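To start, I am sharing the structure in question, which I have written as structure tokens.
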Amino acid sequence: METTPLNSQKELSAYKDGEDCQENGVLQKGVPAPGDKAESGQISNGYSAVPNPGAGDDTQHSIPAATTALVAEVHPAERETWAKKVDFLLSVIGYAVDLGNVWRFPYICYQNGGGAFLLPYTIMAIFGGIPLFYMELALGQYHRNGCISIWTKICPIFKGIGCAICLIAFYIASYYNTIIAWALYYLISSFTEQLPWTSCENSWNTGNCTNYFSEDNITWTLHSTSPAEEFYTRHVLQIHRSKGLQDLGGLSWQLVLCIMFIFTVIYFSIWKGVKTSGKVVWVTATFPYIILLILLVRGATLPGAWRGVLFYLKPNWQKLLETGVWVDAAAQIFFSLGPGFGVLLAFASYNKFHNNCYQDALVTSAVNCMTSFVSGFVIFTVLGYMAEMRKEDVSEVAKDAGPSLLFITYAEAIANMPASTFFAIVFFLMLITLGLDSTFAGLEGVITAVLDEFPHVWAKRREWFVLGVVITCFFGSLVTLTFGGAYVVKLLEEFATGPAVLTVALIEAVAVFWFYGINQFCSDVKEMLGFSPGWFWKICWVAISPLFLLFIICSFLMSPPQLRLFQYDYPRWSIILGYCIGTSSFICIPTYITYRLIVTPGTLKERIIKGITPETPTAIPCGDIRLNAV
């Protein structure tokens, strides 16, 4: 094909969007007919002039160093995009708003000073969580790649970050969907006239079962258990049939069937990509808000609701002097927004190039934080009602944390409300949809990463690859479906994600803002949005956000969690196992760095320079003209 050099800005400007153009100021005169497979031009990403693969020798002229090259860039092979902008927003909101917003935030809030906790939570969100959230959306949208291959365009030596993210996603899928399976089991059990966790007359109940809400006079002892607690522990989990991590017992076939159904729904929701998942989230992302509103109104009308709200929001300003409160605030906002999991990179990569990801970051972050806050009212109005009925203090009712808060305390409260069957059904449906959204997102992050890394292998076999991922996650979940599976869920939740994801996110931020460069990153953002991030964002990205992550990591390492579930204290060897699981994902990063330095030719200095220099250009829409210093 004949090519003509473009020697001036005027000549470049003469060509409009839609005309074929190649980098290094070369325009293709011929326009391929529809159906023809044309070569895609690439760009230099601001570092070096990269010849266009497949072009003739006459197009491969080097440009002297320290000069400015006019570069006309084209889009690479057509990438799937969201059908509508709202599909993307709902997917991100559905991912960020998960089960943790319902059970973790309310518990952490009242435990750390009530209304006073909102101050450190807001500060950590503004200076730590939201900047990292914005960073990942911008990176994904600009480079249009998943969490593995994107590093060849940023800082190749850190490609191990993508591998670590994928391994963490597998760990999460191995236990998170089990919690959804518990909710599904509760949902199925709710289709009865009398909810099965309201009485002590079932086959799984023990002599210690005592019903608070019984009309008969009761005597509550230290060994007494509620019907809801025994339904959860002895019927759903059957944890009494396990001796601990050393003897998990057999599989619960009921939970195996539940999780098979869940993975089937997941598969048919994501097998075709964002075109299908973007439609599913219209239900799974909006339904929880309808139910939250219903439960909020119902809870507010219950006797004693005001006691729960007062307990939830009454500020204890002295708590702010404790370091643990700030650590909990930082950890909560980080895990709530979810940077570092590769999901935001994947979702944003399907956006249009000039989509306003800055606005998206602010909107979705605000929605996520507000959802957490409102969920606290939903939970504590009901806890206040329970305290009123039991004639106890709210603090006595709100002892449970984590899944127990939902499956024991809240389930018991619902069971003793008027129209309990209806509220139980909608509540557990809400939990299922909250969980499914996050699972869609987590697996899509892995799928996008692998498909982008190996396009020639999996590009036309997405359905089969997704099936393989889902089956792998199903088999990985089996250990959590045993009678002692709840012990494994707790172990994975504490160690497989916490410190590992924080460390990965810290290295990601350092790689982007210190190696790729804050100026280059801001230039990329300006190219997409038309404006450059201000000094506030730059300071947060370069210094505050990395320190924010380092603060949480150091706090975790200095005060490792003392794990206890029900009456079971985790043995020391299980804590060591937990650290090994967490390290297994993080170790991907130094392993790849070592491998990269070994296989790259040249001196050590040359190897390092090559490792931190982008090797794969980023293509942007045709017609966009960049001034690249090369």
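Each residue, glycine too, has its Cβ placed from N, Cα and C.
Straight from Swiss-Prot, here's the annotation block:
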COMPBIAS  1-11  compositional bias 'Polar residues'
DISULFID  Cys200-Cys209  disulfide bond
CARBOHYD  Asn208  N-linked glycosylation site
CARBOHYD  Asn217  N-linked glycosylation site
MOD_RES   Tyr47  phosphotyrosine
MOD_RES   Tyr142  phosphotyrosine
REGION    1-59  region 'Disordered'
REGION    616-624  region 'Interaction with RAB4A'
TOPO_DOM  1-87  topological domain 'Cytoplasmic'
TOPO_DOM  136-160  topological domain 'Cytoplasmic'
TOPO_DOM  187-252  topological domain 'Extracellular'
TOPO_DOM  272-277  topological domain 'Cytoplasmic'
TOPO_DOM  298-324  topological domain 'Extracellular'
TOPO_DOM  348-360  topological domain 'Cytoplasmic'
TOPO_DOM  381-421  topological domain 'Extracellular'
TOPO_DOM  444-463  topological domain 'Cytoplasmic'
TOPO_DOM  484-494  topological domain 'Extracellular'
TOPO_DOM  517-538  topological domain 'Cytoplasmic'
TOPO_DOM  559-574  topological domain 'Extracellular'
TOPO_DOM  596-630  topological domain 'Cytoplasmic'
TRANSMEM  88-112  transmembrane segment
TRANSMEM  116-135  transmembrane segment
TRANSMEM  161-186  transmembrane segment
TRANSMEM  253-271  transmembrane segment
TRANSMEM  278-297  transmembrane segment
TRANSMEM  325-347  transmembrane segment
TRANSMEM  361-380  transmembrane segment
TRANSMEM  422-443  transmembrane segment
TRANSMEM  464-483  transmembrane segment
TRANSMEM  495-516  transmembrane segment
TRANSMEM  539-558  transmembrane segment
TRANSMEM  575-595  transmembrane segment
Quick one: give me the count of other CB atoms within 10 A of the CB of Asn208 (N-linked glycosylation site).
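Within a 10 Å radius of the Cβ of Asn208 (N-linked glycosylation site) lie 14 other Cβ atoms.
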Select one residue from Tyr142, Cys200, Cys209: among these recorded positions, choose the one with the most other Cβ atoms within 10 Å of its Cβ.
Tyr142
What are the DSSP helix/strand/coil residue counts across the topological domain 'Extracellular' (484-494)?
10 helix, 0 strand, 1 coil
Look over the recorded stretches 161-186, 278-297, 361-380, 464-483, 495-516 and say which has the most C-beta pairs under 8 A to the transmembrane segment (116-135).
361-380
Which listed range (161-186, 253-271, 325-347, 361-380, 464-483) shows the maximal number of Cβ pairs under 8 Å with respect to the transmembrane segment (422-443)?
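Going through each listed stretch, the top one turns out to be 161-186.
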Are there 3 or more C-beta pairs under 8 Å linking the transmembrane segment (361-380) with the transmembrane segment (161-186), counting only pairs at least 6 apart in sequence?
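No; fewer than 3 Cβ pairs under 8 Å.
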Mind looking up the mean pLDDT for the topological domain 'Extracellular' (298-324) in the predicted model?
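Taking every residue in the topological domain 'Extracellular' (298-324) and averaging pLDDT yields 90.
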Can you tell me the CA-to-CA distance separating Cys200 (disulfide bond) and Tyr142 (phosphotyrosine), as a whole number of Å?
59
The transmembrane segment (88-112) and the transmembrane segment (464-483): do they have three or more Cβ pairs under 8 Å, with pairs 6 or more apart in sequence?
no
Establish whether the number of Cβ pairs under 8 Å between the transmembrane segment (325-347) and the transmembrane segment (88-112) reaches at least three, counting only pairs separated by 6 or more residues.
yes
For the transmembrane segment (361-380), I need the partner stretch with the highest count of C-beta pairs below 8 angstroms, choosing only from 253-271, 278-297, 495-516.
278-297
Examine the transmembrane segment (88-112) against the transmembrane segment (495-516) and state whether at least 3 Cβ pairs sit under 8 A, considering only residue pairs 6 or more apart.
no
What three-state class does DSSP give Cys200 (disulfide bond)?
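DSSP call for Cys200 (disulfide bond): coil, neither helix nor strand.
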Other than its close neighbours in sequence, what residues sit by the topological domain 'Extracellular' (298-324), given a CB gap under 8 Å and a spacing of at least six beyond its ends?
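For the topological domain 'Extracellular' (298-324), the nonlocal Cβ contacts are 106, 109-110, 112-117, 119-120, 376-389, 394-395, 398, 417, 423, 555, 559.
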